[in-house]
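**Q** So that we are looking at the same thing, I have put the structure below in structure tokens.
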Amino acid sequence: MSPVGLCFLFFFSVLVCHWEPVCCYANGKVTKACGSMKPHHGGASGQTTLSPYQLQTNTSTFSPGDQIRVILSGTSYFEGFLLQARDAAQPESASAIGSFTLTNPDRTQLLTCNNHQGSAVSQTSDARQTEVVVIWTAPQDSPNEVQFFVTVVAHYKVFWLKVPGPIIYQHGVTPHPHQTTSTHPTIQPTTPSILPGPFTSEGCGQSKSCLLDPPGCDPEKDPHCFYMSMSTEGTDKTSVMFELSGPAEGYVSFALSWDTWMGNDDVYLCIKDEDRVSVSAAFVSGRTYPEDHSQSGLSSVSWRLADGSIQCRFSRPVKLTNQGRFDLDQGYFLFLASGHTQYGEIRKHSRQPLISRDRKLITGPPQVLRGSRSPTIMKMHGALMLLAWMLTGSVGTFIASFYKPDWPNQTLFGQKVWFQVHRGLMMLTVILTVVAFCLPFIYRKGWSTDAGVHPHLGCCVLVLSLIQPIAAMHRPPPDSNRRFIFNWTHSSIGIFTEILAVATMLLGVGQTSLPLPSPWATSVLIGYVVWVASLKVVSVKVNCGLLIALLSSIADI
């Protein structure tokens, strides 16, 4: 076989070896996972939070041959599962025992684990469901104690591994406490209720603290109003009630942060999952997705999904011990973010988070908070770039184009006035560009992968801006026969750099980290482009006129 054929065969073999865990597990054929009950989903290790899914049986005692009803349910949808019964005395080393009977063959199927037909149950597809009911038949050689286990897949890499279920005992066997075999115990979540009506901004600053975007909006009347409120409960102020509202595009969340930088924050999310809303607390360790979702510590949970908005309300104690949550008797910056979801999983927020201008004592007196979606450092980036290319850069090129013949003999510090002004303004333009260029990297702590072509064009502008003064330092003397090459090259690069800078600024208007007022921000830039273009046209006409006059003079001679 040729080397090309061998390479193709090797590639195909690797593809086949890695294809099965991804494509076949969606249809529930997971017999390879019978022992560990762990899905092979891209190396994911499973969730470390309390499981929102639980197992129930219709009895706690049995005899060999009895049929036990087993129910898998949860507070959110799941796409896959693997259910087994094992000897409760040795669940880690024991194999699946007994056999199952299906009640819904269209959604569930039997598997053969350890050559024991029907000893496990899984899904038939990745169709989403919230409940599974099966019948388990106890074998004749059944152990005295049997425990059910289930691995539940919410969506691909989001799964809970080997969640322990109830233990059932043979008649006459005395139950005794068992040490849990899983580090992910099930949670008995607070049953959420439906809010009777929409939230209102009435009472903000009087009975509750509020953060609103846009300022003064009312979530009762405007579904696009981002609203967060907090108020202490009880005379002893031992708990705080939070309310959250925003457009029903996917999720809305807020975070408590020690600073205005994302990372190491206490996060609370209201997530749209088809026709319901899940409320959870999480933690953000950096510029990553929230981790360790849990409902632990949250109470009085309620939500509403109507009129184009998603709203939720919950309470939590001021202090939560051993749960990693922030104490609420401290002052924090508040982050308010929203974005889209897919299969109940959140995606990156679609807009820059709204960040409160000052720290807020959560249990402090009611007040109306102010916030901004534009970090100060990014505002400085935009302002310096606009100053560099709309003022100093354009004026510098204007001076060189029109005032060279008007100031032919005037000097300043040994050089012609027009040249000194031109050089000073262009060097200032370069300095402003370099400083402004560095600011986004300081803010992002690296390269931004979500800014599109804007940073790439910015790099081109910076390089061209640095080339200009370097080339000017090596320009030939005025009387050199090669001087015209420098003049045309220097002028052409300058014009191209200015055009590229304007295009970069136009793309920068749409960046989420610098949401400028629309539409006047774009109109200002368009007006600036028209003004610069007009100057260039006039400059070309003047230069052409001078060239024609020069040629006429030569012809007369």
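The backbone N, Cα and C atoms fix where each Cβ goes, and this holds for glycine too.
OK, TrEMBL features for this one:
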- 1-24: signal peptide (SIGNAL)
- 15-185: domain 'Reelin' (DOMAIN)
- 224-339: domain 'DOMON' (DOMAIN)
- 343-549: domain 'Cytochrome b561' (DOMAIN)
- 382-403: transmembrane segment (TRANSMEM)
- 424-443: transmembrane segment (TRANSMEM)
- 455-473: transmembrane segment (TRANSMEM)
- 485-508: transmembrane segment (TRANSMEM)
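Can you walk me through where each of these features ends up in the structure?
**A** Sequence-remote contacts of a segment are chain residues at least 6 beyond its ends whose Cβ falls under 8 Å from one of its Cβ atoms, and for the transmembrane segment (424-443) they are 375, 377-378, 380-382, 384-385, 387-389, 392-393, 395-397, 399, 451, 455, 458-459, 461-462, 465-466, 468-469, 513.
Listed by sequence, the residues of this chain that lie at least six past the ends of the transmembrane segment (455-473) yet keep a Cβ under 8 A from its Cβ atoms are 423, 426-427, 429-430, 433-434, 437, 440, 447-448, 486, 489-490, 493-494, 496-497, 500-501, 503-504, 507.
If one looks beyond the transmembrane segment (485-508) by at least 6 residues along the same chain, the residues whose Cβ comes under 8 Å of a Cβ in the stretch are 382, 385-386, 388-389, 393-394, 397, 452-454, 457-458, 460-461, 464-465, 467-468, 471-472, 475-476, 514, 522, 525, 528-529, 532, 536.
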**Q** Go ahead and report the DSSP secondary structure tallies for the domain 'DOMON' (224-339): helix first, then strand, then coil.
**A** 0 helix, 73 strand, 43 coil
**Q** Average the per-residue pLDDT over the domain 'Cytochrome b561' (343-549) and send me the rounded value.
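**A** That region's mean pLDDT is 81.
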